[in-house]
Amino acid sequence: MSSYFVNSTFPVTLASGQESFLGQLPLYSSGYADPLRHYPAPYGPGPGQDKGFATSSYYPPAGGGYGRAAPCDYGPAPAFYREKESACALSGADEQPPFHPEPRKSDCAQDKSVFGETEEQKCSTPVYPWMQRMNSCNSSSFGPSGRRGRQTYTRYQTLELEKEFHYNRYLTRRRRIEIAHALCLTERQIKIWFQNRRMKWKKESKLLSASQLSAEEEEEKQAE
């Protein structure tokens, strides 16, 4: 038989005077005490004393130098704070101003006028050939497919170019730059316009000479 059931340190038969001593010791040598037996606690009265109320599991600190701590209040605090939060949320929703996602156009125009140039000021500023590649007064010369579109000239620009071509069919670089600045065109546009105009003039002169020759030949035939 194992020692778990019978303690080998004490004999089975003891004297009548030692039975009281046996009752104070545990019957198991494995180190586990009887769960039904109660021993006196080192602090305070034992649980065996008669009390009119149940003991609490909360113990104040033993070595507190600032006196005994006040008992904690475990009242229905969550319900109180929940009601308070709901009341605050309702009051905050009433005081919240309406939200405007899109600003007004007048405000945007005012901001542009204060912090930057407006569209009218940008168009009124002079643009020189070395500042911009294409013509700034006209629309973009490139179409949606990326190809260069046909350049259009105003009546004033065409009139001034025709006057210059009437006096000079070939322009110097200095004169070409002056005309480009005066007509708000690029130097390349002036150069291309004069090339096309010379080709047209040559074609017209050829047609005119051909018509003159044909007219002379008819006169000679009639004279014969």
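For all residues, glycine too, the Cβ spot is worked out from N, Cα and C.
Values in this document were obtained by computation on a predicted structure and should not be read as measured data.
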Handout entry: Candidate set Ser106, Ser124, Ser140, Ser214, residue annotated phosphoserine in Swiss-Prot
Key = Ser214
Handout entry: Range among 1-6, 127-132, 181-186 that Swiss-Prot annotates as motif 'Antp-type hexapeptide'
Key = 127-132
Completion exercise
For the DNA-binding region (146-205), the averaged pLDDT of the predicted model is 91
